[in-house]
Amino acid sequence: MQRQGTVRAPLSRIVDPHQKVNYTICGWIITIISYLVVLFTLPLSAFFCLKVVQEYERAVIFRLGRLKHGGARGPGIFFIIPCIESFKKIDLRVVSFDVPPQEVINVEDAARSTKLLAQTTLRNFLGTRTLAEMLSSRDAISMQMQAALDEATDPWGVKVRLSN
């Protein structure tokens, strides 16, 4: 039998967007080289480095795979170094759409759905009674279940009756 539990991240792994990220010496060297490449190719690199975020969007910027200091940016124009930084635009607008009405049950599913409903109703009825009550009042439980199932399946056009 497997045991289920909750996995918790250590506190050191929780990201605080206002905490400054400490890069290694290699990270700093790559950053400086990237800034120099952008500076030397400035007219052309401006097309690749300047990004625009609309009023209804925010940009989450990552430098060397880590969240950049300051968290989400926007709206407005911001500067991205193509080699070491990446960003993800997040749309903040509310999205609404119509869900087409669907047929809940059709003729092919009637028997299966009735069987599943009967199993659920049986569990609900028997879960509230003791074993002695179940054994002594089988007929009463059957009648109550039949009435509950018949009421639930009436909108489907299905009639439930008792059989031995």
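Placement of Cβ uses the backbone N, Cα and C atoms for every residue, glycine included.
Small disclaimer: the values here were computed from a predicted structure and weren't measured.
Features as listed in TrEMBL:
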TRANSMEM  21-48  transmembrane segment
DOMAIN    48-164  domain 'Band 7'
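DSSP places the residues of the domain 'Band 7' (48-164) in helix, strand and coil in these numbers: 47 helix, 30 strand, 40 coil. If you look at the transmembrane segment (21-48), the same-chain residues 6 or more away from its ends with a CB under 8 A from one of its CBs are 63-64, 66-69, 80-84.
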